[in-house]
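*Asks:* One structure, pasted below without further comment.
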Amino acid sequence: WIMGHMVNAIEQVDEFLNLGANAIEFDIDLDKGGIAQITHHGIPCDCGRKCTKKAIFTEYLDNIRQVTTPDDPKFREQLVLLALDLKLQRISSAKAYRAGEDVAKKLLDHYWQRGNSRARAYILLNIPLVEDYEFIRAFKDTLKNEGYESYNDKVGINFTGNEDLDKICDVLEILGFHKQVWQADGITSCFARGTERLKEALEKRDTPGYNYINKVYAWTLVRKSIMRRTLRLGVDGVMSNNPDRVIKVLKEKEFADKFRLATYNDNPWEKFRG
């Protein structure tokens, strides 16, 4: 999976898909009450990027629904995964549950259209810190209460704050979440990062019987040398400001026979058995 990073303006969706991304990440900015308002990162952000691009969240969902609906004029077959980077660190943890309710209802109304939409992308909920786990509980409760538990099959979770992996496992146990879990490891493209935690996540992913990590990805990669180093470790995906660079690296002799781009037929919740 190649995730286009910080795709917050509607016009950026096609831009990143044209560069080769098959997944996009966008930031969800919430008001103090936990209501999702806009797709927006804000300052600071990655080096060399404009931090202020944005869209109304519901309008963004309306557009991305079309982009991921077969036979729609806007349909782009390659886009199979949407990563919602939830800026919960900007609000009180006490509002995390309210935020989970709101985001779930907005997805029901504007993306899935309560069963009337054929939009098919998988959804990855990126949670910054384990202290905000009530967002996940609320999201699942809302799908159940609204009568759409079936959409749980399309939704995975991911904690992005580089916290202790065992601590994350403990929270997943509390939530009863034993599948559909991704694990991110990374840092802004402005700085270098070692691979110790990334290797630990990959080791846990590959441990027989360990169900708390199905996929591992690294962020935010812009240098080809770092992309190569990361691919050699065996990650499932990378997040990048430059998907075209990732494509070029994947075509190199060292990687061409080991990796391919994920398609809709690849289940993002299953461990890859090479």
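Glycine residues also receive a Cβ, built from the backbone N, Cα and C atoms like all the rest.
Dumping what Swiss-Prot says about this protein:
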ACT_SITE  HIS5  active site
BINDING   GLU25, ASP27, ASP85  Mg(2+) binding site
ACT_SITE  HIS41  active site, nucleophile
DISULFID  CYS45-CYS51  disulfide bond
DISULFID  CYS47-CYS190  disulfide bond
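Surface or core, plus neighbours and distances: that's what I need for these features.
*Replies:* Around the Cβ of HIS5 (active site), a 10 Å sphere holds 30 further Cβ atoms from the protein chains shown.
Neighbour density for ASP27 (Mg(2+) binding site): within 10 A of its CB lie 23 other CB atoms from the protein chains shown.
Remark: HIS41 (active site, nucleophile) has MET6, ASN8, ASP27, CYS51, THR52, LYS53 as non-local neighbours, by Cβ distance under 8 Å and separation of at least 6 in sequence. Annotation note: HIS41 (active site, nucleophile) sits in a coil segment as assigned by DSSP.
In three-state terms derived from DSSP, CYS51 (disulfide bond) belongs to neither a helical nor a strand segment and is classed as coil.
A sphere of 10 angstroms centred on the C-beta of CYS47 (disulfide bond) encloses 12 other C-beta atoms.
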*Asks:* Using CYS47 (disulfide bond) as the reference point, find which of the recorded positions HIS5, GLU25, ASP85 has the shortest Cα-to-Cα distance to it.
*Replies:* HIS5
*Asks:* Using Cβ atoms only, which residues of the same chain lie under 8 Å from GLU25 (Mg(2+) binding site) while being at least 6 residues apart in sequence?
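*Replies:* In sequence order, the residues whose Cβ lies under 8 Å from that of GLU25 (Mg(2+) binding site) (at least 6 apart) are MET3, GLY4, HIS5, MET6, VAL7, ALA83, LEU84, ASP85, ASN126, MET239.
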*Asks:* Please list, in sequence order, the residues in the chain of CYS45 (disulfide bond) that are at least six apart in sequence and whose C-beta is under 8 Å away from its C-beta.
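*Replies:* Set apart from CYS45 (disulfide bond) by at least 6 residues yet with Cβ under 8 Å, we have MET6, CYS51, THR188.
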*Asks:* I need the neighbours of the Mg(2+) site defined by GLU25, ASP27, ASP85. Which other residues of that chain put their C-beta within 8 angstroms of the C-beta centroid, in sequence order?
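*Replies:* Here the nearby residues are HIS5, MET6, VAL7, ASN8, PHE26, ILE28, THR39, HIS41, ALA83, LEU84, LEU86, ASN126.
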*Asks:* In sequence order, which residues at least six apart in the same chain have a CB under 8 Å from the CB of CYS190 (disulfide bond)?
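*Replies:* Listed in sequence order: ASP46, CYS47.
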